[in-house]
Amino acid sequence: MVYQERIYKENICLFNKRPVILGIDEAGRGPVLGPMVFACFYYPTENEKLLKLMNIDDSKKLTENSREKINKDIRNNKNQFGWGIYILLPQYLSCQMLKKQKYNLNEISHTAAINLIKSVLQHGVNVTHIYIDTVGPPESYKKKLKLLFPSINITVTPKADSLYPCVSGASILAKVERDHFLSNWWSFPGHDRYDHNGNNLSIYEQGSGYPGDPKTKQFLKQIFHKVFGFPNIVRFSWSTADQIIEKEGVRVKWTLDEDNSEQSKISFSTNKGKLFSQYEIFNNKA
């Protein structure tokens, strides 16, 4: 199956055109492993009493078991709550940040949030107020959103996930979705299942995915290949991964022949300076 760089899931509720509030949050901004996940969560204000019964709160304040339970409760109440989840996979993030006109994480986050809002509105949901945890300066972010959605009240503030239940719900949906992905990412279509030695990638302990985690650092070293780099769970544009590539990887020298009729010459060199031909590298790999 074809590898997807972006995945979208949703549960659309129109609520008979009643006014609804909508919260947005994200998970996985800092890790070197796995996707960034964005979620929106919306409902009529009278349904907020159900969230109190669920003991909803900022996902970072909850245990894993509590998050799992609330996530399940939200999904089981399909007629009381609407939601959307937007998953940006590691290759997409790295490619955006490394292309000629760089697309930074703040811009990626803004675009993802805007796409979530547009998707809900296109279904005809009567969103009257949006609450969102700020990414970058709140005033400029709010101004950006207001230009796109002038008829909707918008609140952009730090710590929104601990202030507004609709943002808390979004933070839980995003966090649990990312955790589920990380727990068995090798089983997703298009993702690498084996390392360069033929070992199933599920045997390795990957840690939290954050660059400072010793287990994650060890995981990166274990799965790294000197020529082919990392499996597609790794954000190769992150400095942690980039440093391993620079230090441990085979250097590549690209040389174009003057005669374009001949195949371009490609050579690989190690940090010790020994050169390998393209044939040698791929022949040894086989």
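Keep in mind that glycine also has a Cβ here, set from the backbone N, Cα and C atoms.
Sequence-distant neighbours of Glu26 (divalent metal cation binding site) (same chain, six or more apart, CB under 8 Å from its CB) are Met36, Val37, Phe38, Ala39, Ser109, Ala112, Ala113, Asp133, Val135, Ala174, listed in sequence order. Taken from TrEMBL, the feature divalent metal cation binding site applies to Asp25, Glu26, Asp133.
Residues annotated as domain 'RNase H type-2' in TrEMBL: 19-250.
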Environment of Asp25, Glu26, Asp133, the listed divalent metal cation site - residues of the same chain whose CB lies within 8 A of the CB centroid:
Ile24, Ala27, Phe38, Ala39, Ile132, Val135, Ala160, Asp161, Val167, Ala170, Ser171, Ala174
By a 10 Å Cβ neighbour count, the lowest-scoring of the binding-site residues Asp25, Asp133 is Asp133
